[in-house]
Amino acid sequence: MKVLVLNSGSSSIKYQFFDTDEKIALAKGMVERIGMSSAVLTHTPHGKEKIRIVGEILDHSIAIEYVIAVLLSPNHGVIKDKKEIDAVGHRVVHGGETFSGSVLITDQVMNAIKENIELAPLHNPPNIKGINATKEQLPNVPQVAVFDTAFHVQMPPKAFLYGIPYELYRKYKIRRYGFHGTSHRYVSERAAALLNRPIEELKIITAHLGNGCSMAAVDCGKSVDTTMGFTPLEGLLMGTRSGDMDPSVILYIMGKEGLSISEANTLLNKHSGLIGLSGESSDMREIENAVLEGNKKAKNAFDVFTYRIKKYIGAYAAAMGGLDAVVFTGGIGENSDMVRRDVCANMEFLGIKLDENLNQNPKGEAVISSEDSEVKVLRIPTNEELVIALDTEKIVREQLNNLPS
Ligand code: ADP
């Protein structure tokens, strides 16, 4: 099946066009600066050079028209007819408590996504725009929504409830939701496959470390806890986000500095984390270089980053009552041997022993723990778009099989 995967933001749309039988992206690209007269589409067909097109792309519908046109283009395209697009899969950030899996998009589903706008005011509206624009451009093609939150929705109340009056959970749905669910699901499944064991008998901790960072405790294939919470601000230290802290700190700063709610939000989401602590950069490569040059603030930022991951490994091993594997993924998790080394240092008591050679030179999906490590440590590149494509294929095929003959 040929599936177009879309990740729609407020002024950009990222896309990948998959052949799900081969599990490869035939083309990938991005439309940026939507709404401007000089919007840019970059497009890379599999195995070929990237091309760049500048045009007036005033809304999401025109952006998708451009994407379809480039997929059809004689020189850079990968299909000959629009009809070859069998289905479209959308990344949708917040499914609230409504969705515990991917779904075919219907009017009812659209209403539920709209109801969850309050929980993700920056993300769900552009996701909805992308879906509506696709409906305009490809009216007869089935569309599927794959939610960042779905994998975590069924964690137990002891993991998702906050210690605030229960009424507030009932009234405003304030609870831990968790994000990066597609990635945690994918890498935990890949880890089980790589270890050649059924996921139903494994206790896995997954660490998705990119610009945003989160961890999940995956017990028997199910997420039973995760570090991000009501919003993607909680948990680990991130590029520009604070992660965990005493909630009183922000009330105190707001009082002292006279910050509005919106300014406080910006402080915690954009000026904290690695950039806030180091004063240097939100980019882990630059933090690592600064650490190696002896920069003390960068070293503090690096240490807070790795220490918190280490603490959550301990916490989640305790929560699951055991541990079989730790998986590193995301830009930092996949590429930083320095972060993996620091996180796994002195963890022999828990059965974690890294193989330093394997850690420094992992290729593709790899076990990087030593032979005698009771807990396996893995480096697995994430592929959220492939999961969206495969979920979309599965749901559309089920739908076709259920049609009356
Ligand atoms: P996003 O969350 O936006 O998808 P990525 O998963 O691409 O981001 O991760 C971006 C992070 O990965 C940045 O902090 C970047 O510095 C880090 N990163 C990428 N390559 C390396 C590397 N070789 N060593 C250390 N960090 C890296």
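Every residue, even glycine, has its Cβ placed from backbone N, Cα and C.
There are 21 other CB atoms within 10 A of the CB of E384 (Mg(2+) binding site), with all protein chains counted. TrEMBL lists N7, E384 with the feature Mg(2+) binding site.
Marked as ATP binding site by TrEMBL: K14, H208, L209, G210, N211, G212, D283, M284, R285, G331, I332, G333, E334, N335. Secondary structure at K14 (ATP binding site), as computed by DSSP, is strand. When other Cβ atoms within 10 Å of the Cβ of K14 (ATP binding site) are tallied across all protein chains shown, the result is 16.
Annotation comment: TrEMBL describes R91 as substrate binding site. Look at R91 (substrate binding site): DSSP puts it in a strand. Note: R91 (substrate binding site) has non-local neighbours V5, L6, N7, S8, N127, V146, D148, T182, E384, I388, i.e. same-chain residues 6+ apart with C-beta under 8 A of its own C-beta.
Per TrEMBL, site 'Transition state stabilizer' is recorded for H180 (among others). A simple way to gauge crowding: the CB of H180 (site 'Transition state stabilizer') has 30 other CB atoms within 10 angstroms, across all the protein chains here.
Annotated site 'Transition state stabilizer' per TrEMBL: R241 (among others), in sequence order. Non-local neighbourhood of R241 (site 'Transition state stabilizer'): G212, P232, L233, L268, N269, S272, G273, each in the same chain, at least six residues away, with C-beta under 8 Å from its C-beta. In the three-state DSSP scheme, R241 (site 'Transition state stabilizer') is classed as coil.
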H180 (site 'Transition state stabilizer') falls, by DSSP collapsed to helix, strand or coil, into coil
Using Cα coordinates, what distance in whole Å links I332 (ATP binding site) and H180 (site 'Transition state stabilizer')? 15
In Å, rounded, how far does the Cα of K14 (ATP binding site) sit from the Cα of H180 (site 'Transition state stabilizer')? 17
Cα-Cα distance linking L209 (ATP binding site) and H180 (site 'Transition state stabilizer'), given in Å to the nearest integer: 10
Taking all protein chains shown into account, the Cβ-based neighbour count within 10 Å for E334 (ATP binding site) is 20
Taking R91, N211, R241, D283, R285, I332 as the recorded positions, the residues having C-beta under 6 A from ligand 1 are N211, D283, R285, I332
